[in-house]
């Protein structure tokens, strides 16, 4: 038995050697210039669905295979039905792509097609007669070496730091004038140019000048700020834009939070509103990690004044947030008035009565701001003990204010966690649901449907009906599930379309109250290191963005995840009062 098995394995491997993802071929056409379109991906050949298939798409295939163009774009399995997976669907090319893999589509292996919809092409019989020798890849390095030689120059470049020369280089006007990125240098009259640079950016000047020659540059977490600053100062718009696009990628790479704080300060100093907004968003979603980092005591007061009012602050609880502010205040960086201003932004009604009582015993800030704490505690106790209709009638309280609404609380009291089953196969619990019977809980992270179904990450949990102590004995039951396929949506009673998958599904039972509504959130977790995005539950489903920028129709995560997928998802329940009492949850 062994030799035949090895023989077939050898044939399989030999058949795919030298083939790369995105390579294409024509099958069953009876001639070399026509056939069913097949494309290679992850070790196997598959077909393309004819949804949106047109002559532009067909021409990309033909040109990639050496033909001049396509004369027909055929569908409905005109050359017979293929086998294997349907690799691409809803392909939309512009005509300049090297492969269908480079065109817009639903993404790899995302299709509802069957093989009776396989796409085909007929190409012109003429093959391209042009044969090109292209050594242009060597040009970049050759130009870089001209700069490295520092010989044959006609331009002197001085690097000045605070009025003193720090470095000197020579340049070649004929090369620099060919690059608009370098126009700030060659537009200067005469043969001498002075660059005024901050001391921290001096080590990057050489790489910047070499980039003007080679048009290639390597950028890291530690250098991106300086390259952005230099590019902004000297009109290198492409480099400036590229650095700006890297901020979202590089921000999460520093677990110490020194770089995000540094970039925030840089954004404020330069008036870069987009970078400032990006930094604030990252710090808000990852606020718990920030409070545990070494950089926490050095967070500027003005930054905290912007972060603490936000409802998208992700923290275990309001008490945990107050304790973090208490720890921060030990650094004596802020005045008494500034600290009091920060305490004002704490949402005391979101802390339980026993937590409020214990503040006087375990919080160093309490006695130095006793009057404020007593006022805030009284406000919170009224919220916890008096029905909101009476508070609104007799106290004139506006319970739609943020003070009376939860943030993103990640403690088990208000949240639950599931993994992506493709990333982790932990099955510590099991829940079974028959086709006709009710859900029966044995204990669980994963859901086992009948034998023809798959396992899907699943979590059932309970929360209080509302943060007010009036509702502490009233529990709401929730079920959270990761839904990667149309079938999984059907299994759990959700309606999904292929272009929105995967999604998170959330169901609620018990605790119905027309005065309470929910603004629930889903946190996308990357490698257990940072929150990459936060999405809303709309109609009991929360979108899961693409972890990396792809050609799919899905939106990309605010902060890309290098792993290419999220390792887990945390759902946070956020109840609030409907003060007009007319809404439904």
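For all residues, glycine too, the Cβ spot is worked out from N, Cα and C.
The disulfide bond annotation in Swiss-Prot covers 49-113, 62-123, 93-103, and the record cites experimental evidence as its basis. Positions annotated as domain 'BTB' by Swiss-Prot, on the basis of sequence analysis: 153-221. What Swiss-Prot records for 260-360 is domain 'BACK'. As annotated by Swiss-Prot, N-linked glycosylation site applies to 69, 125, 192, 362, 398, 551, 580. Annotation source Swiss-Prot lists signal peptide at 1-18.
Its Cβ taken as reference, residue 113 (disulfide bond) is surrounded by 17 other Cβ atoms within 10 Å in the chains shown.
Using a 10 Å radius centred on the Cβ of residue 125 (N-linked glycosylation site) and all shown protein chains, the other Cβ atoms total 12. Checked against residue 62 (disulfide bond) by C-alpha proximity, the recorded positions 49, 103, 125, 192 yield 125 as the nearest. Secondary structure of the domain 'BACK' (260-360) per DSSP (helix as H, G, I; strand as E, B; remaining residues coil): 72 helix, 2 strand, 27 coil. Nearest to residue 69 (N-linked glycosylation site) in space, judged by Cα atoms and limited to the recorded positions 49, 103, 192, 362, is 103. Confidence across the domain 'BACK' (260-360), taken as the mean pLDDT and rounded to a whole number, stands at 95. For the disulfide-bonded residues 49, 103, 123, the largest tally of other C-beta atoms within 10 A is found at 123. Between residue 49 (disulfide bond) and residue 103 (disulfide bond), the C-alpha separation comes to 14 Å.
The Cα of residue 93 (disulfide bond) lies closest to that of 123, out of the recorded positions 113, 123, 125, 362. Contacts of residue 192 (N-linked glycosylation site) defined by a Cβ separation under 8 A and a same-chain sequence distance of 6+ are given as 155, 156, 158, in order along the sequence. Local packing around the Cβ, expressed as the count of other Cβ atoms within 10 angstroms, is greatest for 69 among the glycosylation sites 69, 362, 398. In the structure shown, the C-beta of 62 has more C-beta neighbours within 10 angstroms than that of any other entry among the disulfide-bonded residues 62, 93.
Residue 103 (disulfide bond) and residue 125 (N-linked glycosylation site) are 24 Å apart (CA-CA, integer value).
For the pair residue 103 (disulfide bond) and residue 398 (N-linked glycosylation site), the C-alpha distance works out to 52 angstrom.
With DSSP states grouped into helix (H, G, I), strand (E, B) and coil, the domain 'BTB' (153-221) comes out at 27 helix, 20 strand, 22 coil.
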